[in-house]
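Asks: Features from TrEMBL:
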type	residues	note
DOMAIN	95-216	domain 'Palmitoyltransferase DHHC'
TRANSMEM	7-30	transmembrane segment
TRANSMEM	42-64	transmembrane segment
TRANSMEM	141-158	transmembrane segment
TRANSMEM	178-200	transmembrane segment
Amino acid sequence: MKLRRFLSIHVLSLFLFMGFLYYVTIFIFIEDWFGLQSSAGLLNSLILSISTFMCMFAFVACLLSDPGGVPSGYVPDVEDGQGPDHEIKKSGAQLRQCDKCSGHKPPRAHHCRVCRRCVLRMDHHCSWINNCVGQKNYKPFLLLLFYATVASTYSAILITCSSLQKDWDSTGRHRLKTFHVCCVIGSVCLSLTLGSLFAWHVYLTSRNLTTIEYHEEKRAAWLARKSGQSYHHPYDFGFYKNITLVLGPNVIKWLWPTAISHIKDGLSFPTVRESS
């Protein structure tokens, strides 16, 4: 059952840490700085609550959604010739054979050793959501990173500013000072880590790449240069088109994790050559 995915050390640890960060930010740092009864305190608490809620909503969507598996009995169309140039060796059917599943793989699909199946447009297996990131849940994953970055950055700003404005000269409690310093360092490090990861996946999305394809592309570009040729990722349609392929054509629905009706079946993908 999908609910079993919650029974993971990584998942439970993430829930506990997010709950702890949310609690101390509101009931210790905002309360100490503004007071929760003030307008500023209520406003900051509301902003943090909304961003945290959206973060957890996207997290649950990632955890419970199926990233997309190869249908049983799938047989590729050999005449399609889809797939990156560096993957085409003999024929599409021979190329996309999975030795572990003993079946054919669609373009951009890869076998996950943890899930023990081939995942459509697989990006990677993420222990923190106890699930693969693939064709059908990449948008919730990207929005999870976005909302987590927003919530952690906002929390880090509140914690840091609250600590800096405190009159430590008249406060001789060493343990309290240590607690504030640890919270500042921890929240800043978390926001920088999540921000870097989000920026990395924005870059991948803007080029219509997965993490696996990024590493494959580096080798393909090196082989192309070695033979005096140039390499272009066959699924790269430009920044805006690539973004809409993940987030959808409707800008209003971009920030809603479960708005994925635009996602295709993941069995075939148009290429730049076909569109030109």
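Backbone N, Cα and C atoms are what each Cβ position is placed from, and that goes for glycine too.
Note that TrEMBL annotation is computational and uncurated.
Help me picture these features in the structure, burial and contacts included.
Replies: Nonlocal intrachain contacts for the transmembrane segment (141-158), taken as residues 6+ away from its ends with a CB within less than 8 angstroms of a stretch CB, comprise 21-22, 25, 29-30, 33, 44, 47-48, 51-52, 54-55, 58-59, 61-62, 123, 126, 129, 133, 184, 187-188, 190-191, 194-195, 197-198, 201-202, 205, 246-247, 255-257.
Same-chain neighbours of the transmembrane segment (178-200): 21, 24-25, 29, 142, 145-146, 148-149, 152-153, 155-156, 159-160, 163, 166, counting only residues six or more beyond its ends whose CB sits under 8 Å from a CB of the stretch.
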